[in-house]
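Participant: The NAD(+) binding site feature in TrEMBL is assigned to A:Y126, A:Q188, A:N211. Positions annotated as substrate binding site by TrEMBL: A:S236, A:Q258, A:H261, A:H326, A:D359, A:E413, A:H418. Look at TrEMBL and you will find A:Q258, A:H261, A:D359, A:H418 tagged as Zn(2+) binding site. Among the features that TrEMBL reports, active site, proton acceptor is placed at A:E325, A:H326.
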Number of protein chains: 2
Amino acid sequence: METFKYSELTKESIQKLVQRNVDPANEIRALVEDVIEHVKLNGDSALVDYALKFDKVELDKLYLDKAELQEIASAVSPDQQEALQTAYANIYKFHKAQLKEEERIETMPGVTCWRELRAIEKVGLYIPGGTAVLPSTFLMLGIPARIAGCSEIVVCSPPQKNGKVNAFIAYVALMLGINKVYLVGGSQAIAAMAYGTETITKVDKIFGPGNQFVTKAKTIIQSTTTTAIDMPAGPSEVLVIADDTAKPAYVAADLLAQAEHGIDSQSILVCTSQTIAEQTLKEVEKQLAVLPRAEIARQAIDNSYIVITNSLDEAMDFSNEYAPEHLILATESWKQLTPKIINAGSVFLGNLTPESVGDYASGTNHTLPTSSYSRAYSGVSVDSFVKKITFQFLTKEGIQNIGPAVEILAEMEGLHAHKNAVSIRLNNK
Amino acid sequence: METFKYSELTKESIQKLVQRNVDPANEIRALVEDVIEHVKLNGDSALVDYALKFDKVELDKLYLDKAELQEIASAVSPDQQEALQTAYANIYKFHKAQLKEEERIETMPGVTCWRELRAIEKVGLYIPGGTAVLPSTFLMLGIPARIAGCSEIVVCSPPQKNGKVNAFIAYVALMLGINKVYLVGGSQAIAAMAYGTETITKVDKIFGPGNQFVTKAKTIIQSTTTTAIDMPAGPSEVLVIADDTAKPAYVAADLLAQAEHGIDSQSILVCTSQTIAEQTLKEVEKQLAVLPRAEIARQAIDNSYIVITNSLDEAMDFSNEYAPEHLILATESWKQLTPKIINAGSVFLGNLTPESVGDYASGTNHTLPTSSYSRAYSGVSVDSFVKKITFQFLTKEGIQNIGPAVEILAEMEGLHAHKNAVSIRLNNK
């Protein structure tokens, strides 16, 4: 990890440091467009072809049903079941509180406006498989979808070599009351959910992480169909702000937890103390030595860096420029810092709140904006699975009160039919 | 307007009827990409070039300052000022209520999670000019941006022939406390706000309607930069559900108000009464005869249609398939219908609530999802100008309570560094 002094960085060098992952996968666009076109034209048969080609599996049917999921899920041990149930309960509790009825506002006498929530009817969840099986992601997407009340939840996950899904995925499906999992992965899964096939329903919005092919497919369907996506995605990242109240061993563990995700992950340390930074680097080496995924983590750590600042405020300035997906405040003074946070996905406060707890079970969602998208995007929540529809109702008094202003405004914009829709009601008392 | 009987429509013919405007502007993509590239490379000088080429104006500077805006705004008459202030007050009141602090949730003893709002720091508002000057759009975007607390609001609007903006735009800018309006229109404005130029700040999110070039530019920058957009956009549309309690003259006025927007607008009538439908058609002809924009409205009406249903429930089924931007319930029985609404942008209840009031002044936002995007998208609100950042804080008790479950879950996913970030805290009491 290279170390920079904040006071020596120019505005341009900061911009260069925080820059990452701007559409690196554009060279695969044509490839992904081909897959999408093939699925659009040939439906299920294209999906069977791709399963053979990419997943090396010959599928006789495209999904697992409830009985099959139950059989697969029986391999989950009691303590694993309990851990999944703890995660489920916490995620459910936090997300359930996000669903709120809104009050009615009388903006003028007789003019009442309000918003009502409606679940997005049909949603698609993409759950990665292969080497990285992520039951936690399934919980993070399935629970808010259920709380929102989506009437159809389509789940796609790539088949393993045995033509099935992993036991944890099957178990989570059943926890969520989802009785069918489609054995479809990659950009073909995104195409299937965006266009529909003989067996897979066309959905209104697609959620979930994936490799660069999945991500590219989501970007393409977002701009070429009416199907929405949760958010743009890039490699995962963490930024840790530490001062001399931080514990180097904890900070190192947090940096490595991020680094083991993939060689393109970033683990940034912004530190007010040169000593703590040096101790953390030593701890990184020590802990790295015994990690099963050390090779991946090593490469990610090599792509990461340390910034030494003179104050926590400077550290926060750098963090806001970086706009991290995960922000850890490894300091006992975190309370003074939180009001200064402008850009971040999810924030972990103090020395006893590792990112891992949010990844799995604290209750917050782990589907978060990466690659500086936290400047404009929020993480997934129940909000992501609903629409807020506005309503307005005018009484006789209401149209009399507001009508004249609307007539003038419509005339200002040269829209006389707009004006007339009011006048005809005002004049016909 | 062609008339269809709902009972005679197949599922396929309904799909065909509701289908509209799926990326019709793809042939202009290359053109727009050129403009974006030119602005990205040449900044302000490209904008000056395009003003000359497209707006036929030679600009000596790219913006109007406060003094210039004040001079231009002095042309707004007192009754126009009052109408704009009424709109401002209602929109402000409705949107202000959307800004709410959220409660803290203790998901397990010692594990506390919550969300805090943060304004998107830099936002760009595109306000169309030329033939359609829309001060109302400026209010609809500027008010929630101010309520959210965005620290920088960049406004672009194409220059008129005199090298200025319209008086109403200038007046609204000053109402909003915006002291600079950039004289930039079209796809070049979107490019300038996405990439930044010498004088225009790069923004995090771009809002606002526009012609097909503007819309295409927004789609492109959404998928190629980290700048977000409010929503995809298509031509405006209304769907009116009417029964025999509707007033044909009012319904006709509402259909025409939509139709005058543009020849590609749609005005759909879904009616349980053949008689009301026929009377409405007669009223359309009568009112059309005296409209200044009759030529435009005539073409839009010719592209529109009527569906006759046997019940209000069937009418609502069709409406949910159509997923209209604006939905008018021209029936005294609207209360029984609202729970059945699944897809709509904004809803107008009863015979005395024309869409015009929402377009201008009831308080709801008029920037809404068109082209069936209301299946997955909401209209603009204060939510569109903020991010919700999640926070979590664990006490010693908290990490003891949640830690063991997280260790098991991390192990299930084969992520040992994730596990270690918890273990190291559990073991170091």
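Our numbering is plain: 1 for the first residue shown, then up by one each step along the chain.
Quick reminder: no glycine exception, Cβ is built from N, Cα and C everywhere.
TrEMBL labels come from automatic prediction, so no person has curated them.
Keep in mind that this is a model prediction, so the values were computed, not measured.
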Participant: Where does A:Q188 (NAD(+) binding site) sit in DSSP terms: helix, strand, or coil?
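Facilitator: A:Q188 (NAD(+) binding site) sits in a helix per DSSP.
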Participant: With CB distance below 8 Å as the criterion, list the recorded positions among A:Y126, A:S236, A:E325, A:D359, A:H418 that sit near chain B.
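Facilitator: From A:Y126, A:S236, A:E325, A:D359, A:H418, the ones near chain B are A:D359, A:H418.
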Participant: Would you list, in sequence order, the recorded positions among A:Y126, A:Q188, A:N211, A:E325 whose CA lies within 10 Å of the CA of A:Q258 (substrate binding site)?
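Facilitator: For A:Q258 (substrate binding site), the recorded positions whose Cα atoms are within 10 Å come to none.
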Participant: Can you tell me the CA-to-CA distance separating A:H326 (substrate binding site) and A:Y126 (NAD(+) binding site), as a whole number of Å?
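Facilitator: For A:H326 (substrate binding site) versus A:Y126 (NAD(+) binding site), the Cα atoms are 22 Å apart.
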Participant: Here the binding-site residues are A:Q188, A:N211, A:S236, A:Q258; which one has the lowest number of other Cβ atoms no more than 10 Å from its Cβ?
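Facilitator: Selected from the binding-site residues A:Q188, A:N211, A:S236, A:Q258 on minimum Cβ neighbours within 10 Å: A:N211.
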Participant: Could you say which of the binding-site residues A:H261, A:H326, A:H418 has its Cβ with the most other Cβ atoms inside 10 Å?
Facilitator: A:H418
Participant: What Cα-Cα separation, expressed in whole Å, is found between A:N211 (NAD(+) binding site) and A:S236 (substrate binding site)?
Facilitator: 12
Participant: Compute all pairwise C-alpha distances among A:S236, A:Q258, A:H261, A:H326, A:D359, A:E413, A:H418, the residues listed as binding substrate, and give the largest one in whole angstrom.
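Facilitator: Maximum Cα-Cα distance: 56 Å.
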Participant: Ten-angstrom check, please: count other Cβ atoms within 10 Å of the Cβ of A:E413 (substrate binding site), all chains counted.
Facilitator: 19
Participant: Whole-number Å only: compute the distance from the Cα of A:E325 (active site, proton acceptor) to the Cα of A:E413 (substrate binding site).
Facilitator: 43
Participant: If you run the three-state DSSP split on A:H261 (substrate binding site), which class comes out?
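Facilitator: Its secondary structure by DSSP: coil.
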Participant: On the Cα atoms of A:Y126, A:Q188, A:N211, which are listed as binding NAD(+), what is the maximum pairwise distance in Å?
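Facilitator: Value for the max Cα separation, rounded to a whole number: 12 Å.
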Participant: Helix, strand or coil for A:D359 (substrate binding site)? Use DSSP.
Facilitator: helix
Participant: Under DSSP, is A:H418 (substrate binding site) helix, strand or coil?
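Facilitator: Reduced to three states, the DSSP call for A:H418 (substrate binding site) is helix.
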Participant: Report, in whole Å, the straight Cα-to-Cα distance of A:Q188 (NAD(+) binding site) from A:H418 (substrate binding site).
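Facilitator: Cα-Cα, rounded: 46 Å.
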Participant: Near the NAD(+) site, what residues other than A:Y126, A:Q188, A:N211 in the same chain have a C-beta no further than 8 Å from the centroid of the listed C-beta atoms?
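Facilitator: Other same-chain residues with Cβ inside the cutoff are A:P128, A:C156, A:P158, A:G185, A:G186, A:S187, A:A189, A:I190, A:G210, A:F213, A:V214, A:A217.
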